[in-house]
Amino acid sequence: MMDTIIYIVLTLAYLILFLFGIRIAMNHSWLSIGNVVLLVILALAYDNLILALGKFIGEGELLRILNVIRYWLHALITPLLVLTAWDFLLRADVKWAKAKIVSWLVLAITLGLIIIEITTVVWDITLKPTWDYGILSYEKAGNGNPIMIIGVSLSLLITSIIIWWKQKWPWLFVGVLVMSFVPVLHFLHTSTLSNIGELLLMIALLATKNYQNKRDVGSNQ
């Protein structure tokens, strides 16, 4: 029951975070490529909602389809964080990030990660009902291909170090570190660790966007 409550709280937290993200975008620019993080937040809100409602929906085709959507959203949306990382570098005035070849490389990496995740994980995916700490979901049998997650994590880690160095802002690095560390705390006996880590990362990403917005405003005054 505790995990169900946590997933509900996480869903509500993501919705609040999404509204905060909209406010940040409205105060700066809707055209910023970094705003794709809002799509990631919505996808994660859906992910946590389905996990929270799984046992109430019960085993069957409906819950299976809802979980298939979880996997597709993960494959299509999560790699967009590479674009958010690139936007942070642009706004930090990192010279090499502005090169045209870098922009094409970033787009190629993002598309490549999406294709890899689709072809190796979600295409013709077979899900089986799984109970974990009172949470009913449909999960892929065996371990998934980690290439997409590794690619996104590396892009965020490298970006966070550069942002810390260029703009004296360590919190993106802290967010990436916490996201990587929290899931290994198995002694807490909960299925929500990775999801909590993801929420903390999203908070760090929006906090970084807000920080850069304020720097832009300050430099223009």
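Backbone N, Cα and C define each Cβ position, glycine as well.
Per TrEMBL, the features are:
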type: TRANSMEM; residues: 6-24; note: transmembrane segment
type: TRANSMEM; residues: 36-57; note: transmembrane segment
type: TRANSMEM; residues: 69-89; note: transmembrane segment
type: TRANSMEM; residues: 101-123; note: transmembrane segment
type: TRANSMEM; residues: 143-164; note: transmembrane segment
type: TRANSMEM; residues: 171-188; note: transmembrane segment
May I ask for the residues of the chain that lie six or more residues beyond the transmembrane segment (171-188) and have a Cβ under 8 Å from a Cβ within it?
88, 153, 156-157, 159-161, 163-164, 194, 196-198, 200-201, 203-205, 207-208, 211
If you count Cβ pairs under 8 Å, which stretch among 6-24, 36-57, 101-123 touches the transmembrane segment (69-89) the most?
101-123
Which bits of the chain, at least 6 residues beyond where the transmembrane segment (36-57) starts or stops, bring a Cβ under 8 A of a Cβ in it?
4, 7-8, 10-11, 14-15, 17-18, 21-22, 25, 63, 66-67, 69-70, 73-74, 77-78, 80-81, 83-84, 134-137, 191, 195, 198-199, 202, 205-206, 209
